[in-house]
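Asks: Okay, handing you the structure first.
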Amino acid sequence: MHNQAPIQRRKSTRIYVGNVPIGDGAPITVQSMTNTRTTDVEATVNQIKALERVGADIVRVSVPTMDAAEAFKLIKQQVNVPLVADIHFDYRIALKVAEYGVDCLRINPGNIGNEERIRMVVDCARDKNIPIRIGVNAGSLEKDLQEKYGEPTPQALLESAMRHVDHLDRLNFDQFKVSVKASDVFLAVESYRLLAKQIDQPLHLGITEAGGARSGAVKSAIGLGLLLSEGIGDTLRVSLAADPVEEIKVGFDILKSLRIRARGINFIACPTCSRQEFDVIGTVNALEQRLEDIITPMDVSIIGCVVNGPGEALVSTLGVTGGNKKSGLYEDGVRKDRLDNDDMIAQLESRIRAKASQLDEARRIDVLQVEK
């Protein structure tokens, strides 16, 4: 396995969303948001459970009405992952979901009413130990900031965020995280850089409205990758016009690529050329689908020939190097066996699952020894 990247993370305070720590060196969490009608309890619960299965640490649910708040109560009872309620304009909805056990409130203090209503929500959050996320978005900047700056700028997003932060500071509430999202990569990145210098609270990263599954993943990888490589960010959401499950997968892929947080298999595969001795592309695509259930961190290299194959295999948990009719299988950098090219997928799946079980057992024993 490769060593972890030497990224020096920004120091921040810590909050808890349910039992999930955010900030102060805690693992960077990956979250998504449901896109069902919240009042359709069954559909929303099913989607949340699908997100749980692929590793979502936190799930956000839009709660636009009191009917949705009542549905939220039923949803919360049926899932295990911490839930964030996304609320705008009506402070009473925030108070209601707080009664029902919400794990975090996503609000902007400035758009839920006058100072007294803000105080009521914040006091409720304090009493019930519920953190708040301030969510600034370039597409919904306050009118006076639009007039002042002419268009969304990093300074405009920062000023908007600091207004909301000041609201909470005046009420002596510090259990919050902040996001300053934009669909433009450079706008979002610079906004987060400015904000990171101004506050100590955890930062929720995202490129909002990034696009479809492919283009949105690319934008998010660039924007979030830049920030994460600079040590900025404590939790993230990849926003895609796609199945929310894909947001979680891409989020973990970004963290794996930067070696910040490992979950599941990190496939290393060549783009193929005429030297390939077996169907690399078909093998990788099939294994990615078949092995989605494995959460054990592993590097698996699948290289079609001997040009780069042995070198990649040396630093992989398992590695395959293409050969004539049979390909070399490496384990922890040591050549162990040869696999039939015609039955590569099934053989390699079996070896990967066996290795994952071996690693899991070794970790279990290590934990038991530490506990003793």
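Numbers run from 1 along the shown chain.
Note: Cβ is positioned from N, Cα and C throughout, glycine not excepted.
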Asks: Among Glu292, Glu312, which is the one Swiss-Prot gives for the [4Fe-4S] cluster site where Cys270, Cys273, Cys305 also bind?
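Replies: Within the candidate list, Swiss-Prot flags Glu312.
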Asks: Counting other CB atoms within 10 A of each CB, which of the binding-site residues Cys270, Cys273, Cys305 comes out lowest?
Replies: Cys273
Asks: Which residues, same chain and not among Cys270, Cys273, Cys305, Glu312, have a CB within 8 angstroms of the centroid of the CB atoms at the recorded [4Fe-4S] cluster site?
Replies: Pro271, Thr272, Arg275, Gln276, Val280, Ile303, Gly304, Val307, Asn308, Gly309, Gly322
Asks: Just how many other Cβ atoms lie inside 10 Å of the Cβ on Glu312 ([4Fe-4S] cluster binding site)?
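Replies: Result for Glu312 ([4Fe-4S] cluster binding site): 20 neighbouring Cβ atoms inside 10 Å.
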